[in-house]
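A.B. asks: Residues annotated as active site in TrEMBL: E138. Taken from TrEMBL, the feature Fe cation binding site applies to C95, H137, H141.
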Amino acid sequence: MSLRPILIHPDPRLKKVATPVAEVTDDIRRLADDMLETMYDAPGIGLAAPQVGVMDRVLVMDCVKDPEATPDPMVLINPEIVEVSEAMNVYEEGCLSIPEQYAEVERPAEVSVKWLGLDGKTHSEHFDGLWATCVQHEIDHLNGKLFIDYLKPLKRQMITRKMVKLKRELARA
Ligand code: K1U
Ligand code: ZN
């Protein structure tokens, strides 16, 4: 297992639609392991493959925030939202590709998702609470969408300018 560098916005790879995975290969298993290690190290509650520069439809998440509780790592390949609730929920989201920037985003409060597991089988689950918010945020990444795309243009531009500055500073360091 190894840590992979996380891309920082703006980066063209974060705006692209990722490609469906045709088969669960050793490369995909290695990618999922590396993504979980990278997510826990960040730390974060989710990570999508495009954030580490891989344009495959793979995401990982673990929304168990309590460090004393048992971790619940999940790997979702080719995830699809099959049902959304009418009820909406607002959560102050962050993003590992947009460090230290947070904003309220409104999304369906509950979603049903189906995906391919590392076992090669189709799985489906109903998510609510933070899990529902996180899985939608990660599926957005697979579709080239960031949480700042839900914000007013002025706020989005302000955050993007901060990230351009941060990337310049990181490149100089
Ligand atoms: O996809 C990402 O960039 C990861 C992102 C996921 C996410 C956060 C909040 C709402 C929806 C999706 C993060 O994990 S940001 C970091 C974070 O939320 C966190 C970090 C440490 C402990 C608890 C949360
Ligand atoms: Zn994100």
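Please read every residue number as a count from 1 along the shown chain.
Including glycine, each Cβ sits where the backbone N, Cα and C put it.
Any TrEMBL annotation is an automated prediction that lacks curation.
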A.B. asks: Using the Cβ center of C95, H137, H141 as the Fe cation site position, which other residues in that chain lie within 8 Å, going by their Cβ?
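C.D. replies: Along the chain, the qualifying residues are G46, A48, Q51, E93, L96, S97, E138, D140, L146, F147.
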A.B. asks: What is the Cβ neighbour count of H137 (Fe cation binding site) at a 10 Å cut-off, with all protein chains included?
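C.D. replies: Result for H137 (Fe cation binding site): 23 neighbouring Cβ atoms inside 10 Å.
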A.B. asks: I need the CA-to-CA distance for C95 (Fe cation binding site) versus the residue listed as 'active site', whole Å please.
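C.D. replies: Approximately 10 Å lies between the Cα of C95 (Fe cation binding site) and that of the residue listed as 'active site'.
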A.B. asks: I'd like the number of other C-beta atoms within 10 A of the C-beta of H141 (Fe cation binding site), please.
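C.D. replies: Looking across every protein chain shown, the total is 23.
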